[in-house]
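Down below is the structure, laid out as structure tokens.
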Amino acid sequence: GSASAPTLFPLVSCENSPSDTSSVAVGCLAQDFLPDSITFSWKYKNNSDISSTRGFPSVLRGGKYAATSQVLLPSKDVMQGTDEHVVCKVQHPNGNKEKNVPLPVIAELPPKVSVFVPPRDGFFGNPRKSKLICQATGFSPRQIQVSWLREGKQVGSGVTTDQVQAEAKESGPTTYKVTSTLTIKESDWLGQSMFTCRVDHRGLTFQQNASSMCVPDQDTAIRVFAIPPSFASIFLTKSTKLTCLVTDLTTYDSVTISWTRQNGEAVKTHTNISESHPNATFSAVGEASICEDDWNSGERFTCTVTHTDLPSPLKQTISRPKGVALHRPDVYLLPPAREQLNLRESATITCLVTGFSPADVFVQWMQRGQPLSPEKYVTSAPMPEPQAPGRYFAHSILTVSEEEWNTGETYTCVVAHEALPNRVTERTVDKSTEGEVSADEEGFENLWATASTFIVLFLLSLFYSTTVTLFKVK
């Protein structure tokens, strides 16, 4: 073929947003060039060099060559949002080319800031103290700063700010929430000091004031949450319950909660009112039972709330998420480590549940055919599988005395998940199976990446100082 200069194309990922990973990869494809002599370089928008590049060998296709280059950028830099693109430059004997490669866009959402104040009788101790609670919700990206002011001056002591957490949601961009509390003296509060929760996010400042002379802000507007039935509740109670939670009610006597089907038909709804909360509000829950088949069909159900404080009814609609792949869990039962048994104190049995989808799973322990009390074991929340996108794993840890284990008592881990043939499977372990792993026949090799790291960390977090060793029978 005749000599020709390359044509350039940007390569960008359509996967997760940069807030989910530590680095962001973008690439550049050079195509249809001859001869096979090409040099890639990368620059930021301001023309400074990017060093973290990776080239791939050129490929001959249809008489001409193609090659790619990749650059890895720290996601915290991309999150700054100062560069919309980076520049891919190519040198070739038949002409130099350059192409702008766009960087992923972060969903930038401001926080909603609310301050919850103590009720009049909420002060205790000597001197009498209580807490102000500040909550920032619905923001992205996760970098945020929360501080407290009293009469405009920063407060240094009595502040506790939790870690930023991702909010649970089915779809849409990942958003975050954070809670901060300030311990206050009753004398300062009744002396009408003005306290301020200040939230700094992406160069913007959000402030919410609180004082004993302020009337409750309209920010404590009534909120409605429609909660779908969990698989665990369906499995345990054999009923499919829709739950509608209403919060921040100033009075409870005029609230009504009703569930309706997609066709408008009412579903019998039972309502419960809470006791008064620390911020002097009430909450209410409206529950309705439906057929599991109706829920599984994808039918939409709507919760409608009326109250004298609302100018018009509030509505929330839910349905079972569509298109979620079903993957049955693999269940592995790991006996106590020998080092732990040698201490003659307790025995820890671990039930590892891996590779399942959707994330809803139920784990229960049994001894001699009887369910054990939930206080005896700890089950983790389902977490995404590191190596298998869209699948989850969880683990449950049962602690018994070393004497019980050594008597040869058998323990059974029961796992229920909607993808299992009969919705339930179980694994049993006792002293005679020590050194073995009770598991499905397939894929124990794939277990190590997940098991060794997470179980050890989980045990350490529960203050076990012994090393956990997992034995595999060849």
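Using the three backbone atoms N, Cα and C, a Cβ is placed for every residue, glycine included.
Residues or ranges marked as topological domain 'Extracellular' by Swiss-Prot on the basis of a curator's inference: 1-450. Looking only at the topological domain 'Extracellular' (1-450), the predicted model's pLDDT averages out at 86.
Per Swiss-Prot, region 'CH1' is recorded for 1-105.
Annotation comment: Swiss-Prot describes 6-102 as domain 'Ig-like 1', evidence class sequence analysis.
Feature annotation from Swiss-Prot assigns N-linked glycosylation site to Asn46 (among others). For the recorded site, Asn46 (N-linked glycosylation site), the DSSP three-state label reads coil.
Summarising the annotation, Swiss-Prot assigns region 'CH2' to 106-217.
Under the heading N-linked glycosylation site, Swiss-Prot lists Asn209 (among others). In the shown protein chains, 12 other C-beta atoms lie within 10 A of the C-beta of Asn209 (N-linked glycosylation site).
A strand conformation is recorded for Asn272 (N-linked glycosylation site) in the three-state DSSP classification. The number of other CB atoms found within 10 A of the CB of Asn272 (N-linked glycosylation site), across every protein chain shown, is 10. Annotated N-linked glycosylation site per Swiss-Prot: Asn272 (among others), in sequence order.
Swiss-Prot lists Asn279 (among others) with the feature N-linked glycosylation site, giving experimental evidence as the kind of evidence.
Summary: among the glycosylation sites (Asn46, Asn279), the fewest other C-beta atoms within 10 A of the C-beta are counted at Asn46. The Cα atom of Asn209 (N-linked glycosylation site) lies nearest to that of Asn279, taking the glycosylation sites Asn46, Asn272, Asn279 as the candidates. When secondary structure is read from DSSP and collapsed to three states, Asn209 (N-linked glycosylation site) falls in the strand class. On a Cα basis, Asn46 (N-linked glycosylation site) lies 60 Å away from Asn272 (N-linked glycosylation site). Cα separation, Asn46 (N-linked glycosylation site) to Asn279 (N-linked glycosylation site), rounded: 51 Å.
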